[in-house]
Amino acid sequence: AVPAGTLSPLQMESLREVCEVNVACDEMADTAGIVAAYTXFYGPVP
């Protein structure tokens, strides 16, 4: 997985767009952060 500090704002926005359509992922992002939520539901950040 890619450490959160190495993602550009555009990459972070892309993760949010994927995650927000999944209610469970979106809720996890609110508490654990978008990178943690994305990796838990979709695997390593591309």
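Using the three backbone atoms N, Cα and C, a Cβ is placed for every residue, glycine included.
Residues or ranges marked as domain 'Gla' in Swiss-Prot (evidence: sequence analysis): 1-43.
Within the same chain, no residue at least 6 positions away from THR6 (phosphothreonine) has a Cβ under 8 Å from its Cβ. Per Swiss-Prot, the feature phosphothreonine maps to THR6; the stated evidence is an author's statement.
The 4-carboxyglutamate annotation in Swiss-Prot covers GLU13 (among others). The Cβ of GLU13 (4-carboxyglutamate) lies under 8 Å from the Cβ of no residue that is in the same chain and 6 or more residues away along the sequence.
Swiss-Prot lists GLU17 (among others) with the feature 4-carboxyglutamate. The 10 Å shell around the Cβ of GLU17 (4-carboxyglutamate) contains 9 further Cβ atoms across the protein chains shown.
Look at Swiss-Prot and you will find GLU17, GLU20 tagged as Ca(2+) 2 binding site, backed by similarity to another entry. Taking the Cβ of GLU20 (Ca(2+) 2 binding site) as centre and 10 Å as the limit, one finds 13 other Cβ atoms among all the protein chains shown.
Around CYS19 (disulfide bond), taking its Cβ as the centre, 22 other Cβ atoms fall within 10 Å, counting all chains. Look at CYS19 (disulfide bond): DSSP puts it in a helix. Per Swiss-Prot, the feature disulfide bond maps to CYS19-CYS25; the stated evidence is sequence analysis.
The 4-carboxyglutamate annotation in Swiss-Prot covers GLU20 (among others) and rests on sequence analysis.
Here Swiss-Prot flags GLU20, ASP26 as Ca(2+) 3 binding site, drawing on similarity to another entry.
Over all protein chains present, the Cβ of GLU27 (4-carboxyglutamate) has 12 other Cβ atoms lying within 10 Å. According to Swiss-Prot, the feature 4-carboxyglutamate maps to GLU27 (among others), an assignment based on similarity to another entry.
Here the Cα atom of GLU20 (Ca(2+) 2 binding site) is found 5 Å from that of ASP26 (Ca(2+) 3 binding site). Rounded to a whole value, the Cα-Cα separation of ASP26 (Ca(2+) 3 binding site) and CYS19 (disulfide bond) is 6 Å.
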